[in-house]
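**Student:** Quick one: the structure is below, questions incoming.
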Amino acid sequence: MRGRRGDRMTINIQEHMAINVCPGPIRPIRQISDYFPRRGPGPEGGGGGGGTGCGEAPAHLAPLALAPPAALLGATTPDDGAEVDSYDSDDTTALGTLEFDLLYDQASCMLHCRILRAKGLKPMDFNGLADPYVKLHLLPGACKANKLKTKTQRNTLNPVWNEELTYSGITDDDITHKVLRISVCDEDKLSHNEFIGEIRVPLRRLKPSQKKHFNICLERQVPLPSPSSMSAALRGISCYLKELEQAEQGPGLLEERGRILLSLSYSSRRHGLLVGIVRCAHLAAMDVNGYSDPYVKTYLRPDVDKKSKHKTCVKKKTLNPEFNEEFFYEIELSTLATKTLEVTVWDYDIGKSNDFIGGVSLGPGARGEAQKHWNDCLHQPDTALERWHTLTSELPPAAGAYPLA
């Protein structure tokens, strides 16, 4: 609109923006139910009450609306024949899946874990890939002594290992109470290795001599950082959580330092106890090279004269030594019932005190498998009984009072 010279020109906003402000025809808003077929109250395929059958769709629906809800969300259907423990959480599926087999061989006291492959792992490196490997721990009692590890696969989010890791000395008590922790990590040569995800499998899910297949999504359970990398406040929280975990697991929980295979037999002909030191497995590493130089000592207590000590030879640079040595204690069966056999494993060091790795006591005051092994030996003379035992970090009473050499 133009005015005369000198007059103020007025233009309304509608004319300036050329917008038609008149409302058009009001159309009904579609509801979400309009995009999906409705099941009628009648039998399937029939339309009772005018409802749309399950197999029919209204002609006005777009192709996107005809797709099933799972296709709209990008979901996939797992294979019917595979044994899959699936998770619906996006946080878990984003980490990837791990496929593996577990087999508990009760006769040989071995737990076999075959790591097959992983799929869709979370990228951890700048190139959008990862360098994944798998490590195993047995809980409770996770430590370097019972850690097993696969090889590292380079630059892949879908690694294939097909690698078998084996735990020796697994007892029925372990199967009842322990949990296998399977962690997938990314190896980084320039900094610390990064945690991707983990799976925890209670061993009680396994049946003896029956292989069980798993294909499970990784879970986001990042382990606590090391004390050196934490502030004072975080260290306090870490200590509190560890104390809480120990309280939940029960009092008197000791750190596991490996396993030892012992043979006991009372000889009625020789009137004495035969103690066989067969082998050890998954010993704790005491040297800077990641190994130990282990040997085994045995005592039959109480030992007033200190003459009951026996010692095996030293095995160099190994965490799984084989000894196959036998010691004999001349003693009557009635007296043996009041004694305690203490077996300790040590790391030999030149020029300094030897390091205690772990020990186990068998006798009337023992518990669990150690007590059962001792009682079976007393009640089954002239029979060699081999059993695996867990070595713990606590030094048996008065064991340190004897020379370590």
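Every residue gets a Cβ built from N, Cα and C, even glycine.
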**Student:** Same Ca(2+) 1 site as Asp125, Asp186, Asp188 according to Swiss-Prot: which of Asp131, Asp174?
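**Tutor:** Record source Swiss-Prot; matching candidate: Asp131.
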**Student:** List the other residues in this chain whose Cβ sits within 8 Å of the Cβ centroid of the Ca(2+) 1 site residues Asp125, Asp131, Asp186, Asp188, in sequence order.
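**Tutor:** Near the Ca(2+) 1 site, beyond Asp125, Asp131, Asp186, Asp188, sit Met124, Leu129, Ala130, Pro132, Glu187, Asn193, Glu194.
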**Student:** If you count CB neighbours within 10 Å, which one among the binding-site residues Asp186, Asp347, Asp349 has the smallest count?
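**Tutor:** Each of the binding-site residues Asp186, Asp347, Asp349 was scored; lowest Cβ tally within 10 Å is Asp349.
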**Student:** Other than Asp287, Asp347, Asp349, Asp355 themselves, what residues in this chain have Cβ atoms within 8 Å of the centroid of the Ca(2+) 3 site's Cβ atoms?
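**Tutor:** Once Asp287, Asp347, Asp349, Asp355 are set aside, the remaining close residues are Met286, Ser292, Asp293, Trp346, Tyr348, Asn354.
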**Student:** Output, ordered by sequence, the same-chain residues six or more apart from Asp125 (Ca(2+) 1 binding site) with a CB under 8 Å from its CB, or 'none'.
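**Tutor:** In sequence order, the residues whose Cβ lies under 8 Å from that of Asp125 (Ca(2+) 1 binding site) (at least 6 apart) are Asp131, Asn155, Asp186, Asp188.
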**Student:** Select one residue from Asp131, Asp287: among these binding-site residues, choose the one with the most other Cβ atoms within 10 Å of its Cβ.
**Tutor:** Asp131
